[in-house]
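J.: Please find one structure pasted underneath; my questions will follow.
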Amino acid sequence: MTTHLKDLILVGHGMVGQRFLEAFVEQPGAAEWRITVLAEEPRAAYDRVHLTSWFSGTSAEELSLTPTGFLAEHGIDLRLADPVTAVDRAARTVTCASGAELRYDALVLATGSYPFVPPVPGHDAAGCHVYRTIEDLERIRDEADALGGDTGRPGIGVVVGGGLLGLEAAGALTALGLETHVVEFAPRLMAIQVDEGGGKLLKRKIEELGVNVHTGAGTQSVLTHEDGRVRAMGLSDGRELPADLVVFSAGVRPRDQLARECGLPVGERGGIVVDERCRTRDPHVYAIGECALASDGRVYGLVAPGYQMAETAARSLADELREEHHFTGADTSTKLKLLGVDVASFGDAHGATEGAVDVLYSDSRAGVYKKLVIGTDGQLLGGVLVGDTEAYGLLRPLAMGGKPLQTAPEQLVLPAGLAPASGPIALPDEAVVCSCHNVSKGEIRAAVHEQGCTTVPEVKKCTKAGTGCGSCVKMLGTIVTEELEAGGVTVDKSLCEHFGHTRAELYEIVRVAGIASFSELLDRHGRGGEGCDVCKPAVASILASLSRGHILDGEQSALQDTNDHFLANLQRNGSYSVVPRIPGGEITPEGLITIGEIARDHGLYTKITGGQRIDLFGASVDQLPQIWRRLVDAGFESGHAYGKSLRTVKSCVGDTWCRYGVQDSVGLAIELELRYRGLRSPHKLKAAVSGCARECAEAQGKDFGVIATSAGWNLYIGGNGGMTPRHADLLAADLDKETLLKTIDRFLMFYIRTADRLERTSVWLDRIEGGLDHVRQVVMEDSLGICAELDSLMDRHIDAYEDEWAAVLADPDRLRRFTSFVNAPGTPDPAVTFVPERGQIRPARPEEDGRILTPALVAGPRLEVRTA
Amino acid sequence: MTEMLTRPVDAAAATGTVATGTVEILDGRTWTRVCAFEELIPGRGVAVLSESGQQVAVFRDRSGALFAVDNLCPFSGAYVVSRGILGSRDGVPTVSSPMYKHVFDLRDGRCLDEETAPDGRPAVLRVWSVRLSPRHNTSAGDR
């Protein structure tokens, strides 16, 4: 290994820098390079586009764009908080703030841009901020928190700049509880993206949200108190706007200082001049992203063009550049949600093309504004959408395609009910569907019919489409389905070969038709046969969800998976484990002793579970009734660890004991666990209650989680741990207990009604159309008019609940099946053997000579561990 | 092993009504009693300890047909096949092992999902002969 490695230095680790690294390491020759990244910020690349979500609880870690292990895997040396201060192109070295001097064979500048702060008097006073990094946001938050306290009135925040970022900042200040003003020099908001009509509507919508908008107003000065803190803002029309905090968001400027200082050409208005390979005048130096002035004479302030430049530079460096990879300009279409208002602009939004005409739909009452710009040949050139951007996914690719429209343009802007009916609008193959990764419709179709992808996730993996901003994912779904259907593949949603229905459809059939048994359902609505291990447990779960009797009664018994069949959890050697319910994880010393005695007397292995309960392992089928007789006598009941049903409601200790708690989390957890115990669902359900925002119960990792606030309870849904962890989404905040219970009732019943078989709430929430907003509308605003029904189903469940194990013990018929051998009741399974380990038992391995657990062997407390 | 392969007994069809009687398996040369037919839940199985000490899984499907195969699941090494769920796949009667859900053809014991077990041997359950004897053959003490 004496091969000489070439040195690549990347200056800047923002979104574009990280993208460059990802693209570069995929190039064939990447292994010949040693990569060093010199970054100014104290943290690795993060998602600046979604920076504002930091205020709504997205952590810095979640915003991170650097996959775990990525740097190590590729041997990349990332030096944070060590910006480059000088470049010596003759010696091919860079000097860092730390004093380090590094040699390079290739240098890539991805220094981004800096916020432009107008040089008005007082612009650097205490209380003035910019909006660019997580550190900026931390400072804004800390200061906003400190305001209000001393004055007694809400603090006043003024944002300078009514563009995209300015409105983001305004949203953040509003969320921080400040009275918020936006001052924009131009006559309308988002002047670059929207036209006058769209701007007017946008202004009204934003004002409705409580933000004060001052357009056509310039910032003259920032006025200060005697202590130097911001007091007010002087406007060009002579007004004085009181202000406690100012955020400058009046655009960005390319950070081209390093290039200037080392003699590289920069544009008149800034930006490092690069060619279509993203190379500067010096063949060893590249510039990409917001710091670069592209070959079309523009500086691009959006991430998608930056990503394209990153790809171009990576390929160019690796000598893999073909002409189609040249960067000669980019689509600056945008779709975003600003302060809850949908705004999109694409193509030639202002109708600058000669001969262009407008097609306009505007409904101020409904708050919708749509404008399409049509070219002389009838082709779509661009447009502006405010209030309803649903059609963006279709319109933008159509505009990029440049072909004459096959559909009347008014049909594209009219609301669904008003538009004349017609077939689906055909998108040309060359239309770019995903602009983040520049993937055309043709490439997506090819992924389906040539590479055999059959689902959106597969297509995403194969083409990268939809993995950037995600705005095209819905379009992607439509194209994939169309392509599959065109190829004769019907997208089969059948549960299995015995039913041509989805689980949700079967649930509806059983509920509406009042079907009481699997046979009835199979005979009347199935395709015949015996059923199988897919449909039987699924139907059993539906019957149980609808409270149709004990799960081991009659035919239902035959449908259950082995765990439900024996009301215990099958372990690897054929023995079972037992979990009594311990609501909220609260247990008396007597209870603990009883469980301990039972485990000891039956020789069981005991372990504390993650759900704050105790699992007892090693029971044979014959032992289960004896164990449960004692548990039930001691007041325990089934924990349903064996069922696709509510498991536990975990809790922290709450305000009863904890110094930081604000509510009684244990009390609520117990109440919830007792309310929903035994509720059968498409998959297991886990829950938790935390007594304060420190979240010790990890409620955001559960199917439903509750976190106490000083004003009530926040309800989160759709969280998951396990293989694909997902942070739960906030469904509703500051609920009183009654509303909380009602909301959970409906959420659970709505999930049970609509989920697929074995679909956890996390997957369900991501899958169902409309997502979290839809669920909120259904369960909180009754948008489907089904809440009364959901409520009555939950009432029925609560009324019908009985302890499954107590019911088994009370019925000799049900008890009879708990035998290892039907022709030799009482004989334990000779194949289930154990050996001792760490003072308890464990299953014997095939080569080990273990012992059978028999009542005789585990007669008393003195025989705790049997030896082989 | 093939000489053990017998046709399943379609008890309901044989009697034309609800069947009764004793279920028996052929253990070597003698028929061993399993249980009364009514004790078998349609779609479910029981485990039987043969005279020779082997474990057999005996099933009754929805139509009343009887099947008997080894109770040892070759994929897990545990004696659990009798606790699986009966089903049909393209008309073939099946049982799904509860451990890792491998599906076996009840007529010949062959695994329909994977051909070989982890130990390299063919994933086939031994098929046992099973029959329904008239009621008068059952011993005293039967329920």
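Cβ atoms are placed via backbone N, Cα and C, with glycine included.
Where the annotation comes from TrEMBL, it is an automatic prediction and has not been curated.
Per TrEMBL, the features are:
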- A:Cys652, A:Cys658, A:Cys692, A:Cys696: [4Fe-4S] cluster binding site (BINDING)
- A:Cys696: siroheme binding site (BINDING)
- A:7-310: domain 'FAD/NAD(P)-binding' (DOMAIN)
- A:333-392: domain 'NADH-rubredoxin oxidoreductase C-terminal' (DOMAIN)
- A:432-480: domain 'BFD-like [2Fe-2S]-binding' (DOMAIN)
- A:571-632: domain 'Nitrite/Sulfite reductase ferredoxin-like' (DOMAIN)
- A:643-782: domain 'Nitrite/sulphite reductase 4Fe-4S' (DOMAIN)
J.: Tally of helix, strand and coil residues over the domain 'Nitrite/Sulfite reductase ferredoxin-like' (A:571-632) according to DSSP?
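T.: Result for the domain 'Nitrite/Sulfite reductase ferredoxin-like' (A:571-632), in helix, strand, coil order: 27 helix, 14 strand, 21 coil.
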J.: Please figure out which one of A:7-310, A:432-480, A:643-782 racks up the most CB pairs under 8 Å against the domain 'Nitrite/Sulfite reductase ferredoxin-like' (A:571-632).
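T.: Stretch with the highest Cβ contact count: A:643-782.
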J.: Who sits close to A:Cys652 ([4Fe-4S] cluster binding site): which same-chain residues at least 6 apart have their Cβ under 8 Å from its Cβ?
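T.: Result: A:Cys658, A:Gly661, A:Ser665, A:Val666, A:Val689, A:Ser690, A:Gly691, A:Cys692, A:Arg694, A:Cys696, A:Ala697.
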J.: Take every residue in the domain 'BFD-like [2Fe-2S]-binding' (A:432-480), average their pLDDT values, and give the whole-number result.
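T.: On average, pLDDT over the domain 'BFD-like [2Fe-2S]-binding' (A:432-480) sits at 79.
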J.: Suppose the [4Fe-4S] cluster site is A:Cys652, A:Cys658, A:Cys692, A:Cys696. Which further residues of the same chain have a Cβ inside 8 angstroms of that site's Cβ centroid?
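T.: Output for this site, in sequence order: A:Val653, A:Gly654, A:Tyr660, A:Gly661, A:Ser665, A:Ser690, A:Gly691, A:Arg694, A:Glu695, A:Ala697.
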J.: Work out the three-state DSSP category of A:Cys658 ([4Fe-4S] cluster binding site).
T.: coil
J.: Across all the protein chains here, work out how many other Cβ atoms are within 10 Å of the Cβ of A:Cys696 ([4Fe-4S] cluster binding site).
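T.: The answer is 18 other Cβ atoms.
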J.: Using a 10 Å radius around each Cβ and counting other Cβ atoms from all shown chains, which of the binding-site residues A:Cys658, A:Cys692 yields the largest count?
T.: A:Cys692
J.: What does DSSP assign A:Cys652 ([4Fe-4S] cluster binding site), in three states?
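T.: Going by the DSSP assignment, A:Cys652 ([4Fe-4S] cluster binding site) belongs to neither helix nor strand, so it counts as coil.
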